[in-house]
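Presented below is the structure to which this report refers.
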C-alpha cells in the first residue's frame, strides 16, 4: 500500500491511496454493501459507477453458509460483484449491537485473508460512550491485545491483506490518545476511529470532533484515517478538515427505509416535502421524479430510488469537499456546513482548543481569499499564524494607526504616506495589525471582513493590547510614537534622510516569510526592484548586477527565490531552519532540479508548514536545490512515498 498527498487545506488532504494496484482518491466514501446480493438495495452497477472502494461485513459472510462457500471458492470480489477495493468489518459492529459474536479474533482475520479481502479489520471491542472508566480501560487493553496478535499472525503467515487498526477508548480522550499511540507502534495500514456512531446518533458532534483530534495527534501522518460509521454528508466537511480521509455509509440505505431524504444540510422526511414542485437536487432520481410522484410509488421502489438519491448526494458532497481543498476554501465550506445544526457549530467551536496543532498542517498560502463568516473565523489557522509571525519583524520605531473600512487593500496603494524607517502598524479587526510594508502578503490583502459587532472586536482587542505590551518591552515605550511625535519625525526624516522604500518593503517581507533578516544594511543599498508595467506592483528583486534574487508571486505576494536568492537564504538562515535534508542517493537528482520524493528525506526543519519555500541540502548542509514543500515538518519525517518538495531549480557542480 502507498499513500501520497496531492492537494491540501486545513488538515484535509486529497491523497492517492494505492491498494493492490487499485487507486483510490481520498477523501472518499465507502458504501456499505450487504454481502448477500439479494439484500442489496442499490444495484451494483450504480455502486461500480460511483465508488472506488466499498465496505462489507466479513462476519455476516462467515456466519451465512452459502455466502461463506461462495466467498471461499470464488473470493469476496466475485460474491459482491465489485472488482475494485473491498474493505471488510470483522464483526465489531455486531459485537457492539448484540454484545457477542460467534467467532474468535484470529479466526476472522484468517477468514478475511482466505476470501481475498483487500483491507481487513481486527475484531476490536467498540466500547460505547460514557461507560465507567474501568470498563473502558479493560476493553481497550483487550483490543490492543487482539491488535498485536493480529499483526503477528499476519507477519508469521505472510498474509497479503492490509489491516485496519481501530482506535477505541470510549469518550475518554486520554484513552483515545493511548489507543492511537499503541496502534501506531504496531504499524497498521489504515487507522479507523471506532465507536462514534452512538455519538452521532445523539448529535454529540463535539465529542466526535474531540475524539478525532485526540486520535489524529498520535497517529502516523503517512497513513489514512477512517471515521467508522460516519455516513451523513453534513458532517463530512468538518471531519475532513480535522484529518479524516475515509468514511463508510450505510446511511444511504438505512435512511431510505424510513423514507428519509439526505441533503448536505440535514435530513428531510419524504412526507414533509411531497408537496414541493421539485426536489432541491438535480441527481438522476430527483430529475426524473417530483416529490409527489416518488411518494406515490410502492415501498420497495420508493426505497430503492431514495437510496440512490442518498448515495448521489453523499458522493456529491465528497466531490464538493475535494474542490474546496483544491481551491483553498475548505474552512469556508466548513463554516457554511456547521451552521446547518447548532450541535455542529458547537463541534466547530471546540476546534479552537486545538488550533495550534491544526495550524501546523494548514498551508501558508491558498488560491482563495480568507472570508470571515462569523466569530469562529477569528480563530482560524491563518489568523493565528499571522499573529505569531508579527513577532518575526525587526522593529525600531513603530506608529500604530487605524484606517477607514472604505480604504481598499493593499493599503499602501491607497494611503498618502511618507515612507520612512518607521513601522506603521494598521489595526485590523481580525488580524490584529497589518504592517504597512508587508500589506500585500497573503492573507493581509486577500481577505474580506464585514463590519463586526462590538463583542467580536473585543476578542481582537485583547491581542492588540498584548502585542503592544510585547512591543514596549522589545523596543521601549518611547519608540512607539504618538501622532505628534510621528508627524515631527517624518518631517525631520524627509528633510534629512533618504530611504529605499522598495528595499525596506522587501526586507520586511522576507523577515515575515522566513523569520530572519535576509536583506541586511549593506544589501539594502544594492538591491533594485522591477515593477509590473500594467499594475505598478513589485514583480522582481534584483542584486547590484541586475540578476534576479526573488520573484514576487502575484496571487499571494510571497517572495520566490531564484538560484541566487536561494544561496542568499542558505547563507543567512542557520541550519536546520527552512531545510529539507536528503540522503546521498538523491543528491544528484536534486542538483539536476528534479523533484524530491519523501523516501529520500532524512531530516528537516520540524517547524515547516505546507507550501513553504525551502532549501534542499545534504547531510553536510550543502545547498542542492530549492523549491516548495508539499509536506510539513512532521510529515516530511514520516512519509516514505510521494512528492515531498516540488523543486524549482538545482545547483549543479561546476566542473
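Cβ coordinates come from backbone N, Cα and C, glycine included.
Annotated features, as they stand in Swiss-Prot:
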- 89: active site, nucleophile (ACT_SITE)
- 124, 195: substrate binding site (BINDING)
- 281, 283, 286: Zn(2+) binding site (BINDING)
- 577-652: domain 'PUA' (DOMAIN)
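Shown here: features listed in Swiss-Prot, placed on the structure.
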{"residue": "89", "record": "active site, nucleophile", "DSSP (3 states)": "strand"}
{"residue": "124", "record": "substrate binding site", "DSSP (3 states)": "coil"}
{"residue": "195", "record": "substrate binding site", "DSSP (3 states)": "coil"}
{"residue": "281", "record": "Zn(2+) binding site", "DSSP (3 states)": "coil"}
{"residue": "286", "record": "Zn(2+) binding site", "DSSP (3 states)": "helix"}
* Asked: Out of 124, 281, 283, 286, which of these binding-site residues is nearest the residue listed as 'active site, nucleophile' by C-alpha distance?
  -> 124
* **For the domain 'PUA' (577-652), the mean pLDDT of the predicted model** => 98
* To do: Determine the most Cβ-crowded residue among the binding-site residues 195, 281, 283, 286, using a 10 Å radius around each Cβ and all protein chains in the structure.
  => 195
* Structure fact -> residue 283 (Zn(2+) binding site) and residue 195 (substrate binding site), compared by Cα position, are separated in whole Å by 32
* Asked: By a simple count of other Cβ atoms within 10 Å, which of 89, 124, the recorded positions in the record, is least packed?
  -> 89
* Asked: Setting 281, 283, 286 aside, what same-chain residues sit with their Cβ within 8 Å of the center of the Cβ atoms that define the Zn(2+) site, listed in sequence order?
  -> 279, 280, 282, 284, 285, 287, 309, 312, 313
* Distance from residue 124 (substrate binding site) back to residue 286 (Zn(2+) binding site), taken between C-alpha atoms, in Å -> 40
* Using DSSP, break the domain 'PUA' (577-652) down into helix, strand and coil residues and give each count. => 17 helix, 30 strand, 29 coil
